[in-house]
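Beneath this line is the structure, given in C-alpha cells, with notes to follow.
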C-alpha cells in the first residue's frame, strides 16, 4: 500500500501512515466523523480524478463524458431512491457548498432567514456572523428551551410571526434530540416562508427510518455524504420538481465549476451501500450505542445537555467538572479518545475553550462496537475527566483503548483481517 506515494513523496506517505495508525489505535468519537468502505476509497482514488465534466449528465461542456455521465446518473438515481425524492444534485463539494447553492438560488442579499443559534446546536452556515450566511442575509435565531435543552417550537413560531422570514433553516450540528420537521413546516407555512432542512448529521438515520424524514415537509433538503451516511466527504441537495432547475443552476454555474467526478463515484457507491439491509441495521446500532454511551456517561456523574440523546450524538456539559471543553479534549486525546470541544447552550466560554464536548457513535459503530464497549468507553471518559493531568493514568487508558481497538478493525484494515 502507498508504494508509489512512498517512492515519490515519502514525507506525505509517512504522515498518511501515521494518521492511519492513529485511527487504528484510537477511539473516534467525533460525531461528524466516520470510516468509509474500501469500495468508496477505491472509487475516490480512481482515474476519475482526471476528468472534467462541467454541466449535468447529457448536458456537458466537455467531450468524453459518456462514462462519467453514467456514474453521476447512478449517484442521482440512488440518492433519490434512498431518500424518496424526485430530484437530487450530487455535485456540491461539501455541505457548506450545498447550503450556499440553496441560499443563492432562493434568496437575495438582505433577505431575512431564521436559523438555529450556533451555541444552541446550529451550524455556521445557518447565519453565523462569521459565515457568508451571516454576512449576506438578515439573520434571526431560534434556540432551545433552557429547561429541557430541546428546540422551543413555540418561541420559534413567535419569532417567525414577528420577522416573517423568507427562509427557515432546520437541522443542527450539535443537537441530540429528534427534530419535528412537520411542526417546522407548519410554522413556515403560517408565515409564508420556505423551509430548508439540513440533515448533514442525521442523513444516515433519516435514510433508514431511524429519524423522522423531512421529505414531504421541507422544500429543500441539504446534507453531507459522510457522517452517518458513511460516504466520501461531500454534499448533496434533494428537492422536488419545483426547485430543481433553480438549484441545479445555482450549483453550476452559480457557485461551482467542475464537479469532482471521483468523489461523485464514491457517493454513488456509498448510496448503493446505504440501500442494503445491513446499513439499516448499522443505523439502528448507532442509536443503541449512543443511548448506551449516554447512560454510561450519566452513571459517571456527567451532565448531558437535554438529559440524553435520540440520535447519534450527545453533548456533555463540563461545568461541574471544572474543565473547559478544550482541556477535556486535550486530556482525552492523550488517552487515545478523540472528541471535540463544543459550545453548550448560552455557553459563557469563548469558542476555542467552550464548556462542553460533543461525542458521537457513528465511527465506533462502523468498527463493530456495541453496547458493551460503550459502557467501557464511558468509564474511560469518566476517569480521564476526573484525572485530566495524571499522565501515567492517561497512558494506561490509551494502552487499554489500543487493545480494545485491536479487536475492532477499521475498514482499511479489514482486507488484512480476512
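All residue numbers here begin at 1 and follow the chain in the order shown.
Heads up, the Cβ atoms here are built off N, Cα and C, so glycines get one too.
What Swiss-Prot records for this protein:
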type	residues	note
BINDING	118, 122, 123, 124, 242	(6S)-5,6,7,8-tetrahydrofolate binding site
SITE	226	site 'Plays an important role in substrate specificity'
MOD_RES	227	N6-(pyridoxal phosphate)lysine
Of these binding-site residues, 118, 124, which scores lowest on Cβ atoms within 10 Å? 124
In whole Å, note down how far the CA of residue 122 ((6S)-5,6,7,8-tetrahydrofolate binding site) lies from the CA of the residue listed as 'N6-(pyridoxal phosphate)lysine'. 16
Using a Cβ-Cβ cut-off under 8 angstroms and a sequence gap of six or more, which residues of the chain neighbour residue 242 ((6S)-5,6,7,8-tetrahydrofolate binding site)? 219
List nothing but the one residue from 123, 226, 227 whose Cβ has the fewest other Cβ atoms within 10 Å; the candidates are the recorded positions. 123
In which DSSP state, out of helix, strand and coil, do we find residue 118 ((6S)-5,6,7,8-tetrahydrofolate binding site)? helix
Would you kindly give the Cα-Cα distance separating residue 123 ((6S)-5,6,7,8-tetrahydrofolate binding site) and residue 226 (site 'Plays an important role in substrate specificity'), rounded to the nearest Å? 16
Other C-beta atoms that fall within 10 angstroms of the C-beta of residue 122 ((6S)-5,6,7,8-tetrahydrofolate binding site): 25
Among the (6S)-5,6,7,8-tetrahydrofolate-binding set 118, 122, 123, 124, 242, as the record gives it, the longest Cα-Cα distance in Å: 30
